[in-house]
Amino acid sequence: MARDQQAAVLNALDVAKTQWYHFTAIIIAGMGFFTDAYDLFSIAFVTKLLGRIYYTKQGAEKPGTLPPNVSAAVNGVALCGTLAGQLCFGWLGDKLGRKRVYGITLILMVLGCIASGLSFGSKPEGVMATLCFFRFWLGFGIGGDYPLSATIMSEYANKKTRGAFIAAVFAMQGFGILSAGIVSIIVSSAFDHAYKAPPYSVDPNASLVPQADYVWRIVLMFGAVPAALTYFWRMKMPETARYTALVANNAKQAASDMSKVLQVNLESEDVQIMEDPDSKAFGLFTKEFARRHGLHLLGTTTTWFLFDIAYYSQNLFQKDVFSAIGWLPAAETMNAIEELYKIARAQTLIALCSLVPGYWFTVAFIDRIGRFPIQLMGFFFMTVFMFALAIPYHHWTLKPNRIGFVVLYSLTFFFSNFGPNATTFVVPAEIFPARLRSTCHGISAAAGKAGAIVGAFGFLYAAQSTNPAETDAGYPPGIGMKNSLIMLGVINFFGMLFTLLVPEANGKSLEEMSGETEE
């Protein structure tokens, strides 16, 4: 009898029609990813400006840049915080419930964004240290949103459109990317218009107006706005019925909670749902988990790790690619705020043409062709395009061929988002048992952020020219852009191989995938 009632509760969720609340949940859950993408792209925009403000030396031929260790810390510390947050909140989401810790992540993000813009210090080192401190806690909140938002959306959704709903939450990153570019463009153009300044080569001192210090602060702080606006609605979301029924063992409460927000036929009976005793027995660090889900967890962690190495390294030296193909003039030919404007404009154009469409192609097709084919296809084309860029790299740097370079580079971003960037987020929320779902998603996401740290720190150095005279200030010679692109191609190829360990969840219920319905 109890098992019949369990099946009735879960089946009602699986066959529920798509309703307005599903779309509301996408927006509420997606704000964390909006902030994540906004933070990642906005800090990449303002690092050049930070270098000019705090590290320009009097009489130098070129404007100042962040020293390598400072640049790595500013760009990478939020990733370290995100990794810690994914593990911590992933575990808490299973122990305490998704809802109980969901609001904490949003509060951390709002406070982290605001505090980052208020970074202070009497010396440049002090400002950078406080900025890194606040960005770590911003990352910690962002990290918590990964397992919680993915798990909540997967447990709310019906099995027919579950992939699209989870992917749509992740696709909110696209709006975060665009917003980072648009806000940077608006703020920099407004300040550049209000406070005219000559290029650095004409007058080094006058090229940096005192008001430029407000520009980067405003850009970073704006990320708090959309997250703060959704806090109230996030707090009103009930606990997911699957957690309440399968983990808390309270079918009556599960039925009651879902009836408040979804039009589903759930009988609110006071029964206790009993799981399969054998299924209940195994935890994360057991032989039974290793037998049932060990290869699955290996597949989700390795593919996310390998993908994020490639993805985050591309983002970090994207502005250097633009310089190589002539989209960005030499730094000394612009004033400080103008440089921010042109970096933001170039990256926003790439995002609009390739990144954002890729997200929504995944949303449109993930429940039609499946997760596995999309991920395999994405890794395959990223590998092909990386080698196509790398092997004839000198050819692409010649002026007549620069547009071709940009097209291929854009296609790698398109297939990263219509590919593993979305699917590595979706799949871990579908294939593990309810009591371990948030934890396993957090572990998978943390592996991804470990890859992001490798990309952020490693390729910051690796992409430097092999000629010591052509490296950025303070950096040792690297392996060059061509060899860096070859390495990324190899990494993507291995991502394609490890995708073979990831099961297909398309059209199946969460309980079918996790084995929780087995007798």
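First residue shown is number 1, and so on along the chain.
Cβ atoms are placed via backbone N, Cα and C, with glycine included.
Residues or ranges marked as transmembrane segment by TrEMBL: 20-47, 101-120, 126-143, 164-191, 214-233, 349-366, 372-391, 403-422, 442-463, 484-503. The domain 'Major facilitator superfamily (MFS) profile' feature in TrEMBL is assigned to 25-507.
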Check for me, if you would, whether the transmembrane segment (372-391) reaches the transmembrane segment (214-233) - at least 3 Cβ pairs under 8 Å, residues 6 or more apart in sequence. no
Sort out for me which stretch, of 20-47, 101-120, 126-143, 214-233, 403-422, has the most Cβ pairs below 8 angstroms to the transmembrane segment (164-191). 20-47
Check the domain 'Major facilitator superfamily (MFS) profile' (25-507) for me and report the mean pLDDT. 87
